[in-house]
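Visitor: The structure is given below, and queries will be raised subsequently.
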Amino acid sequence: MAFVPAPGYQPTYNPTLPYYKPIPGGLRVGMSVYIQGVANEHMKRFFVNFVVGQGPGADVAFHFNPRFDGWDKVVFNSQQDGKWGNEEKKRSMPFRKAPAFELVIMVLPEHYKVVVNGDPFYEFGHRIPVQLVTHLQVDGDLTLQSINFIGGQPAPSPGPMPNPGYPGPGKHNQQPCNLPCMEGAPTFNPPVPYKTRLQGGLVARRTIVIKGYVPPSGKSLVINFKVGSSGDVALHINPRLTEGIVVRNSYLNGKWGAEERKSSFNPFAPGQYFDLSIRCGLDRFKVYANGQHLFDFSHRLSNFQGVDTLEIQGDVTLSYVQI
């Protein structure tokens with residue numbers, strides 16, 4: 001069962017290195033690039049480049065380069081006409097060897113904003129116009145789990161992390177009308193427990209995206225799709241870390257239904273990031289994790305359109321929720 005990303009959400013899972021690929025539709029203000037990976041135990045350095053074109057001698061609008069060299073630091077720069085510009089550096093290392101990390105680079109009107117594991121780290125002023133950037137390049141001593149290009153939604157959502165305005169879809173990022181849709185704007189790093197209203201209800205073809213991190217001491221977390229007025233839960237997703245299973249259920253008319261436990265794999269593990277896409281279909285929910293089909297859950301609540309609330313709680317740190 002193939003994974004099809006929703007509009008404005010362009011993920012690549014387990015990409016190989018060196019990574020040098022076009023940015024879908026080109027780079028533009030309001031986009032964010034999410035990079036999840038693991039720093040190698042013997043890491044010396046890695047880099048992320050926002051590149052104008054492809055091939056030797058291409059200009060680099062933004063060069064992000066963590067260096068473990070005894071004087072741990074992160075270097076920032078640009079390259080034009082084959083020459084590096086004035087180097088900026090920060091003598092602080094947000095990455096540790098071996099643990100998983102999440103790097104977010106937000107493209108704002110005046111600068112790139114770098115966020116590591118949810119914490120703002122650096123701002124690098126634009127030296128080359130953003131709209132000229134066409135490719136993303138990543139290489140070095142790391143293993144990539146996913147690269148996500150996020151953008152193209154119509155309005156920002158307030159949240160703890162400053163959220164860039166998302167421009168309306170242009171000719172480069174229009175999506176076929178049969179793709180699943182996301183109704184709301186993204187929220188970055190919301191606190192847990194998390195609760196939000198699903199404006200318009202849980203209609204068929206709607207997709208919810210949840211990106212998060214399970215702490216090393218994590219034991220359990222819960223995701224509920226709920227009818228606010230009655231308390232009914234159309235879909236209850238309960239990863240139990242100590243048991244290594246993902247339990248699904250419903251709670252209707254004051255009673256829990258039969259648990260479903262079988263799944264093709266378990267993406268939830270202590271100390272790991274996850275990327276969950278939950279699609280509502282006419283007869284079932286289809287749930288994907290890290291680009292792979294995880295499970296289906298047939299509707300038990302006939303009026304699933306009445307689901308108007310999303311709840312997330314437990315041992316999880318959320319980095320991104322798109323409704």
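Any Cβ shown, glycine's included, is placed from N, Cα and C.
Here's the feature list from Swiss-Prot:
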type: BINDING; residues: W256, G257, A258, E259, E260, R261, K262; note: beta-D-galactoside binding site
type: DOMAIN; residues: 19-150; note: domain 'Galectin 1'
type: DOMAIN; residues: 194-323; note: domain 'Galectin 2'
Visitor: Tell me, by DSSP, whether A258 (beta-D-galactoside binding site) is helix, strand or coil?
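Guide: SS state of A258 (beta-D-galactoside binding site) = coil.
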Visitor: To what whole number does the mean pLDDT across the domain 'Galectin 1' (19-150) round?
Guide: 93
Visitor: Would you please pick out, from the binding-site residues R261, K262, the one with the fewest other Cβ atoms within 10 Å of its Cβ?
Guide: K262
Visitor: Would you pick out, from the binding-site residues E259, E260, the residue whose Cβ has the largest number of other Cβ atoms within 10 Å?
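Guide: Of E259, E260, the one with the most crowded Cβ is E260.
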Visitor: Per DSSP, what is the residue count of the domain 'Galectin 1' (19-150) in each of helix, strand and coil?
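Guide: Here the numbers are 3 helix, 78 strand, 51 coil.
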Visitor: Relative to the Cβ of A258 (beta-D-galactoside binding site), which residues of the same chain, six or more apart in sequence, are found under 8 Å away?
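Guide: N249 - these are the non-local Cβ neighbours of A258 (beta-D-galactoside binding site), listed in sequence order.
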Visitor: Count the Cβ atoms, other than its own, that fall within 10 Å of the Cβ of G257 (beta-D-galactoside binding site), considering every protein chain shown.
Guide: 13
